[in-house]
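The structure under discussion appears below in the form of structure tokens.
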């Protein structure tokens with residue numbers, strides 16, 4: 001049963017049309033899985049995020065943040081408390097050699113804006129399906145580039161609802177890691193310092209990376225992107241492939257036959273299917289090679305109640 005006090009309090013903080021109750025989250029994830037959120041809100045201003053976070057902190061209400069749901073699995077039991085979608089914080093502004101983008105802006109779009117202004121440095125992101133907030137959260141990268149190579153600062157909100165501006169060094173960006181994760185912060189916007197380049201050369205590089213991505217990744221099915229982090233000295237996909245796991249299926253989810261590092265939803269798969277397949281792959285690779293595969297994809301939410 002939804003708490004009316006929380007609903008009424010949220011109505012005082014943000015417009016009513018930005019509040020959804022008992023909202024199905026599978027609408028907002030690339031895997032097309034997930035239960036319902038007690039409250040799902042879509043702020044369009046930084047101040048609205050701050051106000052809701054501050055209220056939630058003062059009243060001990062859990063808060064979960066969502067970008068575009070590309071590298072996340074939400075369990076069928078859903079998420080209690082307040083889910084804040086950051087997708088409407090999607091501004092992209094250019095000033096000289098810098099780009100400032102809102103948390104909800106797609107990093108693909110930001111890389112395209114950089115190209116349009118003949119700014120080089122974000123070509124690596126032309127095929128990453130995440131939002132800016134998610135990209136900073138996990139220091140997203142591809143094809144030899146990553147967020148930490150070009151980010152200047154990130155404007156964040158802490159658990160108490162206060163604004164914090166963090167420099168590149170303060171963000172502690174590492175392989176798929178950052179201070180954002182450790183301190184439970186949320187990114188509102190990020191600034192990137194780029195370099196002047198030639199638009200034709202930037203476009204050529206983006207075309208090459210796009211072709212490589214499309215030829216190797218199973219983009220025809222819903223998926224959560226790259227499932228595992230790269231183990232030191234190895235490639236997760238190669239270990240999975242050498243374990244003869246490509247095509248292995250649990251429920252409606254299977255290890256992609258096109259790229260072993262991906263798991264695709266081929267037949268109405270559930271978050272439970274994903275989670276079980278992830279555990280099976282981890283167990284098999286550990287037994288065969290003695291190597292632990294750590295998840296890159298986030299798994300959140302409550303397990304479904306047994307009927």
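Don't overthink the numbers, they just go from 1 along the chain as shown.
Glycine is treated like the rest: Cβ placed from N, Cα and C.
Residues or ranges marked as domain 'FAD-binding PCMH-type' by Swiss-Prot: 33-197.
Listed in sequence order, the residues of the same chain lying 6 or more apart from residue 176 (active site) and placing their CB within less than 8 Å of its CB are 138, 139, 140, 229, 296. According to DSSP, residue 176 (active site) sits in a coil region rather than a helix or strand. For 176 (among others), the entry in Swiss-Prot reads active site, with the evidence type sequence analysis.
Residue 226 (active site, proton donor): 21 other CB atoms within 10 A of its CB, across all protein chains. The active site, proton donor annotation in Swiss-Prot covers 226 and rests on sequence analysis.
All protein chains considered, the CB of residue 296 (active site) has 19 other CB atoms within 10 Å. Residue 296 (active site) falls outside any helix or strand according to DSSP and counts as coil. Marked as active site by Swiss-Prot: 296 (among others).
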